[in-house]
Amino acid sequence: MEKSGGIREESSEKTFSDFNLDPRLQRAIHKCEFEKPTSVQSETIPLALEGKDLVAQARTGSGKTAAYLIPILELLLKQKQIDENQRGIFALLLVPTRELAQQVYNVLEKLTAFCSKHIRFINVATNSSDTVQRPLLLDLPDIVIATPSRCVVHVASGVLPLDKLKFLVIDEADLMLSFGYNEDMKTLSRSLPRGTQSFLMSATLSKNIASLQKLVCRNPFILAVKDKEASGKLTQYVVKCSEQDKFLLAYILLKLRLIKGKILIFVNEINRCYRLKLFLEQFGLKSLVLNSELPVNSRLHILEQYNKGLYQIIIATDESGMMGEIEELENNVDFVEEEVISTDQPTLDKMKDQENADVNDESILAAAKDKSKKKKRVKQDKEYGVARGLDFENVACVLNFDMPSNTKSYIHRIGRTARAGKPGTAMSFVVPKSEVGKHKPTSLESCKKDESVLRRLEKKQISLQPYSFDKNQIDAFRYRMEDALRAVTTVAVSAARAAELKQELLISEKLKSYFAENPDELLSLTHDTVSSVRLGHTQRHLRHVPEYLLPKGMQAVNKDIGFVPFKKNNRRKVFKSRKNPKHRHDPLRSMKRKS
């Protein structure tokens with residue numbers, strides 16, 4: 001196995017013109033406003049153009065998608081110049097989720113803006129039927145984007161021939177096996193022709209990478225890339241609080257706008273998602289919900305409109321992190337995640353042994369007890385994932401309302417912010433063991449592992465700063481939080497979940513039919529409508545924050561309320577008198593005379 005020379009830093013001198021790319025491809029790159037190649041692009045593109053197999057590890061948001069698409073398109077365009085009439089499926093791009101497949105498709109559309117007549121591609125990871133996809137595949141597009149499960153189905157049916165395949169990409173490779181694609185990947189590896197150039201792209205290195213590498217790669221270059229400039233702009237905070245105080249802090253952070261910009265909130269359960277949504281609604285804070293129950297068309301449309309800036313808050317469930325934990329327990333191994341791997345560190349196998357030794361025995365036992373319960377819970381769309389690989393644009397803050405169950409999931413979550421050199425903030429709520437289970441309505445089983453996950457993050461030298469609040473000022477808001485939380489009952493959460501699912505199913509059908517014919521009206525479609533579920537204890541005054549509760553720095557400087565006339569408006573009085581005439585309250589006049 002060939003290995004590159006340790007950490008690769010970004011070279012500010014390199015430009016895309018240094019790669020001698022096709023002019024059409026360079027124009028598309030310029031149109032995408034890519035000023036210069038990122039670290040992973042600077043290292044990957046030259047090696048890929050030489051025909052090398054690559055295993056590239058870089059932080060999320062570092063441009064890994066373009067890092068493999070650009071060299072593949074360049075080599076395909078050169079091939080087309082030699083023989084323009086050659087037909088076949090030359091590139092297969094495998095991704096773990098449907099959302100990521102659509103994202104790759106969108107990037108591919110932009111990069112082929114000036115060569116779309118010569119490069120044809122298709123995304124078969126959608127929820128369209130096989131009868132629709134079959135003729136499109138029989139037309140032999142140059143590039144196919146798919147999840148492993150969809151790919152295996154089409155290969156078995158004979159409509160996806162791989163005999164002419166030249167490029168294989170496994171994006172988010174560290175997640176492929178944890179998503180349950182073990183057998184699918186083994187089946188596909190037996191169908192690959194010899195000499196296929198393989199790309200394994202990942203945000204972390206794990207045992208899964210080593211097993212996939214043996215299946216599809218031949219003497220790959222292993223690139224562990226760190227972009228100091230990008231990673232330095234991510235600020236990570238941790239807040240230790242009780243389960244109930246999570247809701248209090250979320251209310252304060254969002255209502256007082258202590259976090260400015262778009263926010264992505266992660267929770268660990270679908271019911272938790274709707275509980276938080278209903279809670280925030282009572283304070284006039286609208287939010288979107290993303291989970292595996294929603295139709296894929298609705299999920300993609302929500303993501304698209306969030307990226308356009310139409311919405312500010314998304315509450316997403318990260319059930320894939322729970323699935324990854326189950327597989328770790330069943331295989332009796334623990335994932336190894338490293339943001340940077342240098343040449344003077346131990347080998348991959350030694351690091352795995354060290355990581356296994358660090359696992360908290362108590363957390364393993366607790367997770368094993370809940371294994372069957374978790375398996376029942378993960379019955380939704382297997383190919384759903386929002387924490388992994390998706391490009392949420394301009395996210396100012398990632399809020400881990402519920403701490404992820406492993407460090408690998410944490411790295412993927414916080415990677416949704418501070419992308420492409422922009423600053424970002426990640427904040428995590430950690431529940432101490434002494435506080436777990438004290439407030440049953442807001443209690444969550446996964447909170448038992450919060451402290452063990454935090455210790456493992458600290459061992460990996462991930463910089464987590466404490467975020468301090470003034471306790472006296474926080475307690476002043478507590479009664480408002482308790483009033484709102486008391487109204488969000490289990491029955492209300494279940495009703496909201498059912499109502500939203502029904503609404504989104506209807507919207508999904510409209511997206512497929514009506515809005516296909518009326519694209520202009522698509523903008524009027526909203527996903528953040530206030531829940532129709534009536535909460536018995538909802539109080540209007542919660543939407544307004546009294547000035548006496550605000551910190552001194554946030555109180556209004558100008559307290560002049562303007563001109564108040566001395567003369568009263570008597571119209572209201574006249575209206576009341578007409579509406580409730582005095583004779584109705586006069587017992588003598590209200591009596592009816594008997595004939």
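Placement of Cβ uses the backbone N, Cα and C atoms for every residue, glycine included.
Source: prediction; values computed, not measured.
Your range for motif 'Q motif', going by Swiss-Prot and the list 14-42, 565-593, is 14-42. Among the ranges 139-142, 171-174, 455-458, the one that Swiss-Prot lists as motif 'DEAD box' is 171-174.
Helix, strand and coil content of the motif 'Q motif' (14-42), in residues and according to DSSP, is 17 helix, 0 strand, 12 coil. The 10 Å shell around the Cβ of Gly61 (ATP binding site) contains 26 further Cβ atoms across the protein chains shown. Shown are the binding-site residues Arg59, Lys64; of these, the residue with the fewest other Cβ atoms within 10 Å is Arg59.
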